[in-house]
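Trainee: Dropping a structure here in C-alpha cells format, bear with me for questions.
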Amino acid sequence: MTLAVFVICSTAFVGALLQRMAGMGFALVSGPFIVLVLAPIQGVVLVNILGVLSSAIVFARTWRNVHWKQSGVLIAGALAGTFPGALLANSMPSSWLHVFIGVLIVGSLAMSLYLSRIFDPIKFCSRNAFLFGTGSGVMSASAGMGGPFLSSYAVLTRWQQIAFAASIQPVFITVGLASVASKLVLEESAWPQLAPEVWLAVVVALLVGQVVGDFGARKVPVQFSRVVMLSLAMLGGVLTIIKGCAELTS
C-alpha cells in the first residue's frame, strides 16, 4: 500500500468517525491531508465525494431532527457560492492552491473559534442563513470544506447541537454534489484517478469509521470530539500551507 492510499484511507476513517460523533468534521479532518497527497483539484473533488457519502449515512440516522426551513435557506446560499468557488480553484496554479486551501482552513477555524467572543448573537433569519450558506458553498467548491461557515452560523445563532448536527447533513450532501459537478464542468481531469480497489478501500474505511463513530457518540463527550477534530484540521491546514510554500520556492 502506497503512502497516498494509506493517508486517504486513514483520514477517511478518522473523518467519518468524528463526523458521526460531532455532526461535522469529515472534510475538515480528511481534506487537508488528502489534498497533500493528491493534486489539489482532484483532492478537493475526492473530499466532496466522500463527504457526500459520509453525510448521507449520518442523515439517514438523524433526519427527524432536521430544521428544514433553516437547511433550505443554507442550501440556497451554498448553491449560489458553489460555481464561483469552483472557478476560483480552477484559476490557481497547484502551489498557490495549496497555500490558499491551507490559509482558508486555518483562518476559518480561527474565525469559528473566536467569533462568539467578538460578536453578539444574531437572530435566525433567511438573510443571515443565506450569507453564511454562500460562504460555505464557496469554501466547499474551492477547498473541499464548507463546515466552518456553518459552524460559525450555529455559534452566533446559538443553534442547539442536536438540531444543528442533523440540519447541516442535507446541506453537505447537496453542496458536495454541486461542487463536484461544477469542477467537472470546468475541468474533466478533476475526477480523482484512483484504481477500483483503492476506491473500495476508501469507502470501506469510511463505513468502518461511521460504525465506530456511532459507538463513540454514546461514550465520548461531543466537546472532546470537537477538540480532536479542530486540532487535526489545524495541523492539516498548516501542513498544506507549508507544502504550497515549498513548491513556490523550489
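Each Cβ is built from the backbone N, Cα and C atoms, and glycine gets one as well.
From TrEMBL, here are the annotated features:
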type	residues	note
TRANSMEM	37-60	transmembrane segment
TRANSMEM	72-89	transmembrane segment
TRANSMEM	95-116	transmembrane segment
TRANSMEM	128-150	transmembrane segment
TRANSMEM	162-186	transmembrane segment
TRANSMEM	198-217	transmembrane segment
TRANSMEM	223-242	transmembrane segment
Trainee: Any chance the transmembrane segment (95-116) and the transmembrane segment (223-242) are in contact, meaning at least three CB pairs closer than 8 A with a sequence separation of 6+?
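Mentor: Touching, yes - the transmembrane segment (95-116) and the transmembrane segment (223-242) meet the threshold of 3 or more Cβ pairs under 8 Å.
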Trainee: Using Cβ atoms and a strict cutoff of less than 8 Å, what residues sit near the transmembrane segment (223-242) while being 6 or more residues removed from its termini?
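Mentor: Those are 14, 18, 21-22, 24-25, 28-29, 31-33, 35-36, 98-99, 101-106, 109, 113, 216, in sequence order.
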Trainee: Report the listed stretch (72-89, 128-150, 198-217) having the maximum count of Cβ pairs within less than 8 Å of the transmembrane segment (162-186).
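Mentor: Checked against 72-89, 128-150, 198-217; highest Cβ contact count belongs to 72-89.
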